[in-house]
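Remarks on the structure that follows.
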């Protein structure tokens, strides 16, 4: 359980995520996990929500796709989604990812879908709906805020509401 939020504005994209890892639904195991990270020669940023082991498995599969498709984010995401739908091991994974590079911002869902958001905002995890609503409002009504500021504040707002999200927020931008 976590909150990951991405915002694209004026050619800049930012991805923010909190650091809380919860065991079951009662115990906070860690508060400073890094769920947003740069991969593929620092050219791609991913953020993941769901089971930790499942998220790492997805990251590994996605990195292999990026290597195979020479860093083409969209093609790699679609190939991962196709495998996700077909592979019995991947079908059991309980995780989602937001992936981005300088050109694309995509949600890769647990059902094997690749979604390019309409609103230039996408959020996942237990606090995802709170963060997405907050980010859309800031994007529309706070013109002086940067994408990084909006993404971070959206995760912090979710952290005020969602017990599975904390305020130890990491942000990466392109």
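Just so it is clear, glycine is given a Cβ too, placed from its N, Cα and C backbone atoms.
Look at Swiss-Prot and you will find 2 tagged as active site, backed by sequence analysis. Within the same chain, the residues at least 6 positions away from residue 2 (active site) whose Cβ sits under 8 Å from its Cβ are 17, 18, 20, 21, 35, 49, 125, 126, 127, 164, 165, listed in sequence order.
Cβ-based neighbour count (10 Å, all protein chains) for residue 162 (Na(+) binding site) stands at 22. Under the heading Na(+) binding site, Swiss-Prot lists 159, 162, 165, citing sequence analysis as support.
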Practice task
Measure from the Cβ of residue 165 (Na(+) binding site) and count the other Cβ atoms within 10 Å, all protein chains considered.
Solution key: 30
Problem - Additional residues around Na(+), ordered along the sequence, whose Cβ is within 8 Å of the centroid of 159, 162, 165 - result: 2, 3, 18, 20, 126, 127, 130, 155, 158, 160, 161, 163, 164, 166, 167
